[in-house]
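Below is one structure, written out as structure tokens, with a few remarks after it.
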């Protein structure tokens, strides 16, 4: 286990190195001089030169990258161009809101996908399997923004049951908070569940075709015990991997969902910052989401290794 | 029975996609107006002269939907080509040479894969500025890793086979072996991926345009039309429904086609899944 952890951690560091490289050089491609941009229209050349030196922009790229990484590791992600607030402060306000949506969305998708996956595997090629596959194809193809608009039209404009968007904090009004959550969570959950269902079904079908399942059935165990105990335990690692891998998709969907429902999370912040050209914030948001995905996948690998001692990840 | 059902859905998808492509291709001959022509008052409902009504500044929605299909397909095709070329080259090099080069390329791709695709595409668009060519580049870039991985794993299984050794012993160079000997043998998984990437590229283009960072006005895009329609959901719900529905239908057809292509090219896998 310790050896695996060490191996995974070195891999993680290498991947994170490339992640930071990609982020750093992408944002280095920005047209124009960052120092000049910061000073606004027609700054004095001396001021530009001074700020360039202060920001370290006259140093070689490798040094600039090193300085940036050192800042990031120390928790300094730069300042917002507008109010001069540290970016970390902005992120600390937005991340929990995204996290709430992401976790609830992931939960909903598991609640939809797992029973559907189990039933589809148990009754392969029955109407329920076919229906579930049509649902999954739908979830794969439906754009998040369209699903959100359709839900909004029905539940907010037609039935007037739920708000069409906006954020109310839980402290302010618990019921309004929950009402505002419902549509975004359904949007994220449906799209995500389609992906989870698809992989779960093929994973379970693979387990079910193995010899030990035939043995369990031959022993006369009921189908529910075969599925609930023997298949489930062997399909669990793949479910965890899928859910973890899907977090990346979930975050992608979240950018759009947050934008549509005016949910002020990380994705919403990112779009606002892109539109207002607040690049330090954009850069930090991109970096944080990638780091988050890498860490989630590491955790999933480790949980799987604990659940299934055969996993060595060679 | 199941096979016939599958073939029928694939055939229907192919026909629908063909119609969408034909509409896009023949847009100037089919549409009654120009896509940026203000023809009447804003937000008129559907009628004889305006099939789907008019948009927020009085342009014909049907005309714009058809033209937007053009944009979607062009962006889809170009970004899929970018992803395929980049991914195949990286995958071939990484799988063929192995060792340090492989580790370096693989970790770089892992790094790229760590970014949620829309977020990476958004970052690229933020840096390069929103326009249609940058959208192609951004969408192509985020799909490179998947092509590279597929190519790499095919190369790894093919590398040791006799026919590769044979051409090696006949004096073929590395480039010739990679592109002329190995590549033609890993086409079938790539073909499936092309149709799936095409679908996701259309989804991403519409998402970028929806967020205002893709195709810029007055050029129509399904994503930006959906976004425009969002402000008039109670007066003109059809505007948003149709724009998003167009994306959905196109992507659905491509996904169905991708699935049946996979079954066709890889019967063993298909048997396992069926």
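From the backbone N, Cα and C atoms, a Cβ is placed for every residue, glycine too.
Keep in mind that TrEMBL annotations are predicted by a computer and have not been checked by a curator.
Annotated features in TrEMBL:
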type	residues	note
TRANSMEM	B:12-30	transmembrane segment
DOMAIN	B:69-258	domain 'ABC transmembrane type-1'
TRANSMEM	B:71-96	transmembrane segment
TRANSMEM	B:108-126	transmembrane segment
TRANSMEM	B:132-151	transmembrane segment
TRANSMEM	B:190-216	transmembrane segment
TRANSMEM	B:236-258	transmembrane segment
Original post:
Near the transmembrane segment (B:108-126), which residues from the same chain, at least 6 beyond its ends, have a CB less than 8 A from one of its CBs?
Top reply: 90, 134-135, 137-139, 141-145, 148-149, 200, 204, 207-208, 211, 213-214
Original post:
Who are the chain neighbours of the transmembrane segment (B:190-216) in space, where the CB to CB distance is under 8 Å and they lie at least 6 residues beyond its ends?
Top reply: 71-73, 75-77, 79-80, 83-84, 88, 117-118, 121-122, 125-126, 130-132, 135, 138-140, 142-143, 146-147, 150-151, 222-224, 226-227, 247, 250-251, 254-255, 257-258, 261-262, 265-266
Original post:
Counting only residues 6+ away from its ends, which parts of the chain sit with a Cβ under 8 Å from the transmembrane segment (B:71-96)?
Top reply: 20-21, 24, 102, 105-106, 109, 132, 135-156, 159, 174, 177-179, 182-183, 190, 194, 197-199, 201-202, 204-206, 214-215, 219-222, 247, 250
Subject >> Distal contacts, the transmembrane segment (B:12-30) - CB-CB under 8 A, six or more residues away >> reply: 66-67, 69-70, 72-73, 246, 249-250, 252-254, 256-257
